[in-house]
Structures are given as C-alpha cells and as structure tokens.
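Positions annotated as substrate binding site by Swiss-Prot, on the basis of sequence analysis: Asn9, Trp10, Lys11, Gly173, Ser213, Gly234, Gly235. According to Swiss-Prot, the active site, electrophile annotation covers His95, on the basis of sequence analysis. Positions annotated as active site, proton acceptor by Swiss-Prot, on the basis of sequence analysis: Glu167.
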Amino acid sequence: MRKSIVAGNWKMHKNAAQTEELLNELIAKIPAKTNAQVIVAPTFVNLQAAAAKLKNTTIGVSAQNVHQAEGGAFTGEISADMLTSIGVNTVILGHSERRAIFHETDALIANKVDTALKHDMTVIFCFGEELKDRQSGNHFNIVENQLRDGVFHIAKESWSKIVLAYEPVWAIGTGETASPEQAQEMHEFIRETIRKAFGAEIADEVSILYGGSVKPENAKEIFSKPDVDGGLIGGAALKADDFLAIVTAI
C-alpha cells in the first residue's frame, strides 16, 4: 500500500527564529498519528537545527535542492553528503522554480537524482506543464517527457526512494488550482505511464503528490481522488494552522 505524504516546501522564507517558532507550533499541533507522512523543507541555513529539533518526532525534514557533484570548487553549493551528515535524507528536485529561474535542465536534474540516490536519499521529483502546454493540448507529452528524462533511467530497485510531485506550473503562486478532476486525470496518466515502463508493482506503490496551490479549503476534495497521494505544499505550509488543516484532510 502506497504512502500518503504531505510535504511543506518553505522556499526562501523564515529566518532562524521564525523557523524555530513554526517548528514548535507544528510539533505541538500535528498529532503523533496521522494518515499522512509529514515532511517540512526549511532553508539550507536552518536545516541542521530543524533536523535536530524534529529528530524524535514523526515529522520528517527535507532539503529543497542538492548539487549533483560529490564536492569540490562549487561556490555556494551543498552536497548530498553534507545533507545526510546532519540527518537530512530527503531532497526536493526538479521544482518548477529551479527549472524556470535557475534554468535547470532535465539532464541536470537527472544527474542530481542519481547523486541523491547514491547517498540513499529519498527524492521528491517535481515535474509539470506550463499554461501554454495545457492550452495547446501538449500537457501530457510534456509531463511524460519530464518523467522519462528525469527518473526513467534509474534501476527498478531505486523506485522505493522516489516520490513524484506533479506541479501544474500555471497553478503555482497564481491562485489558480487545477480542478480535482484535472488533478486526477493527470495523476492517473502518470501512474499508467510508469506502469507501462516499470510494471504494475512500482506504479501501484509510488506516491504521486499534487503541487498546485493546495489550501485548507480545497485539500480534502483533491486528496479524495484515487491517484492523488498527498501534496507538495507551498504558501500554506508557512502557517501552522493551514498546514495542519491540509495534513488532516487526508
């Protein structure tokens, strides 16, 4: 049975004091037993403190990015070894903002996936179409190509370390949200694409999260769809009560 997951991507928000405050709220408010695995992804500078604070809780911690190299002269970058050495064993890769703002290509993201898996990290792999792709009817092709280029090269045994996060880019930070029916349609397509490539066992086990402006008001309906296994949450993850409402919507 595949896992339900709610992951909060904090992006470039929360300084050290604010991070501690939000973590304290989440620890106090999120029940010890939930139907979903709960993960938060603070900024790099607050990861070590977050990992230490959450160590004996049921809340997991993730990095928002990692460099593809093992180490070396890469000013400003963070390696997988550095992350795992502080107890961070999950990483978000391929996020639409990394693709658009920092020009990360499918090939680069695939290299990052390989590096993370080499260090036994869980990868939350993000992918999804832009508005022009959906308007032109090309959204299924775009999603399939990003999947194939990003993760279809990995060995079957590595799929237990992969979580997929479908991001309709046109519904991120815009206030727009794919309808629950649109989300289910794409998630079903994604699962079927994986089934054709890797077989039913992997397709049925991989968790596919929805990552397009999930809020307390729409979470329950989106999460009720059979192929939606949770969410990658942005803005709503920055307020404890909003994030709690989304976590408990599963």
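Heads up, residue numbers simply count up from 1 along the chain you see.
Cβ coordinates are placed from backbone N, Cα and C, and glycine is handled just like the others.
These figures come from a predicted structure and were not determined experimentally.
Sequence features, as recorded in Swiss-Prot, placed on the structure.
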residue : record                       : DSSP class
Asn9    : substrate binding site       : strand
His95   : active site, electrophile    : coil
Glu167  : active site, proton acceptor : coil
Ser213  : substrate binding site       : coil
Gly234  : substrate binding site       : coil
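Rounded to a whole number, the distance between the Cα atoms of the residue listed as 'active site, electrophile' and Trp10 (substrate binding site) is 12 Å. Fewest other C-beta atoms within 10 angstroms, among the recorded positions Lys11, His95, are seen around Lys11. If you measure from the Cα atom of Asn9 (substrate binding site) to that of Glu167 (active site, proton acceptor), you get 13 Å. Here His95 (active site, electrophile) is positioned 8 angstrom away from Glu167 (active site, proton acceptor), judged by their C-alpha atoms. When the alpha carbons of Gly235 (substrate binding site) and His95 (active site, electrophile) are compared, the span between them is 15 angstrom. Listed binding-site residues: Gly234, Gly235; maximum Cβ neighbour count within 10 Å falls on Gly234. A Cα-Cα distance of 10 Å separates Lys11 (substrate binding site) from His95 (active site, electrophile).
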